[in-house]
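A.B. asks: I'd like to ask you about the structure that follows.
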């Protein structure tokens, strides 16, 4: 298992970078940021759940999975990234992306 801790600002940076990609229109919005939210445990738990759902969505989005941005953010090993990228590219019929996925390593 891979455990990764990220701050809201890191999620925001990931989202901003993904929003510059051609598939940006298909991305959900990030959960809201609220100043001084660190003092509201219910808000923090709700936002944690929303960020987890956001990340789950990204991990099921074929075009996001073919982009290196998410993989770098997750700090995933190159071999794992290549394997998943190959499977995704093959399943969506994007043969050119298979080659690109290998070259990006």
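Glycine residues also receive a Cβ, built from the backbone N, Cα and C atoms like all the rest.
Residues or ranges marked as domain 'PX' by TrEMBL: 1-81. According to TrEMBL, the transmembrane segment annotation covers 51-74.
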A.B. asks: Going along the chain, which residues at least six beyond the ends of the transmembrane segment (51-74) come within the CB cut-off of under 8 Å?
C.D. replies: 2, 4, 6, 8, 10-11, 14-15, 17-18, 21-23, 26-28, 30-31, 81, 84-85, 88-89, 91-92, 94, 97, 100-101, 104
A.B. asks: What are the DSSP helix/strand/coil residue counts across the domain 'PX' (1-81)?
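C.D. replies: The counts are 52 helix, 0 strand, 29 coil.
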